[in-house]
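Q: Okay, these came from Swiss-Prot:
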DOMAIN    3-57  domain 'MADS-box'
DNA_BIND  58-86  DNA-binding region
REGION    94-124  region 'Disordered'
COMPBIAS  98-108  compositional bias 'Acidic residues'
REGION    142-309  region 'Disordered'
COMPBIAS  223-240  compositional bias 'Polar residues'
COMPBIAS  277-289  compositional bias 'Low complexity'
REGION    321-365  region 'Disordered'
COMPBIAS  326-346  compositional bias 'Low complexity'
COMPBIAS  354-365  compositional bias 'Polar residues'
Amino acid sequence: MGRKKIQISRILDQRNRQVTFTKRKFGLMKKAYELSVLCDCEIALIIFNSANRLFQYASTDMDRVLLKYTEYSEPHESRTNTDILETLKRRGIGLDGPELEPDEGPEEPGEKFRRLAGEGGDPALPRPRLYPAAPAMPSPDVVYGALPPPGCDPSGLGEALPAQSRPSPFRPAAPKAGPPGLVHPLFSPSHLTSKTPPPLYLPTEGRRSDLPGGLAGPRGGLNTSRSLYSGLQNPCSTATPGPPLGSFPFLPGGPPVGAEAWARRVPQPAAPPRRPPQSASSLSASLRPPGAPATFLRPSPIPCSSPGPWQSLCGLGPPCAGCPWPTAGPGRRSPGGTSPERSPGTARARGDPTSLQASSEKTQQ
């Protein structure tokens with residue numbers, strides 16, 4: 001909060017005047033003490049209040065300071081209340097304004113040189129000057145720019161190109177002129193363009209150990225750049241698995257690289273078991289019921305390989321290609337579903353093993 005500012009004029013109230021005198025007298029002596037210690041000087045204060053009471057303060061010995069004062073005959077600085085009022089008016093500070101130290105207010109050129117000369121300093125020497133801080137550098141997001149990811153492109157290697165190979169749309173502007181004390185800028189414009197964006201993550205080494213020696217370097221760089229920048233270029237590229245490594249045309253001749261490992265990882269479907277070929281006699285024997293004579297043969301209920309609209313079972317229609325069963329014209333079934341009369345020749349032709357084998361060989365030829 002600080003001390004309340006009061007008007008610098010005579011205090012009419014006796015009690016308030018006494019309290020103010022006690023406080024400010026102690027403050028004056030405290031300031032004299034600080035000045036004597038900091039600046040190594042001798043100070044003597046002689047105060048008479050309104051009741052003609054004497055109050056004195058001496059940094060060392062009052063008699064010695066007074067003796068030195070009476071014997072001093074050279075020109076010296078001497079001020080009164082009138083001089084203090086004129087100094088405050090020149091600085092634009094009223095009597096009721098804030099209390100400032102002499103070095104805190106504005107100074108005239110003459111007073112500045114006199115003060116420097118009194119302190120032993122050389123006015124001709126340059127004084128250090130303070131400049132404002134340099135403007136902050138732009139953030140990496142503004143320098144490199146955050147581009148929105150394009151649409152999904154599952155076509156292949158379109159997203160494998162790194163972002164550094166494309167020309168950057170950002171061009172750093174020329175730096176503004178700094179304060180007059182700085183001749184060169186703190187950072188050169190080339191420093192902004194030479195920086196590369198930090199990697200998103202470090203890829204695992206040794207994944208492609210089965211690559212040839214000639215393709216390990218560029219192929220590894222291609223995979224690294226794809227893993228680093230695939231999230232920025234194409235967010236949907238990771239959802240579609242790529243083809244195996246051996247299917248690329250730029251690999252050397254011979255067995256494709258990684259084909260054996262790919263075949264070991266992917267299980268092959270088992271082939272169905274094949275049945276041994278059977279002859280016509282064994283087929284007819286397997287279809288003959290037990291206890292039936294060799295001349296008896298039941299029509300096969302197995303559908304024909306290429307049935308027509310008028311037949312449903314082998315032996316009941318015209319012979320088809322590859323069918324081992326002989327049929328006779330008079331014994332086939334009519335389209336209407338009625339069974340015609342069978343002649344003895346039809347039963348004999350169907351039941352004769354010799355004719356059955358001959359027709360089977362003829363069909364196979």
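Each residue, glycine too, has its Cβ placed from N, Cα and C.
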Q: Within the domain 'MADS-box' (3-57), how many residues are helix, strand or coil going by DSSP?
A: 26 helix, 9 strand, 20 coil
Q: Looking only at the DNA-binding region (58-86), what is the mean pLDDT?
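A: Here the mean pLDDT over the DNA-binding region (58-86) amounts to 91.
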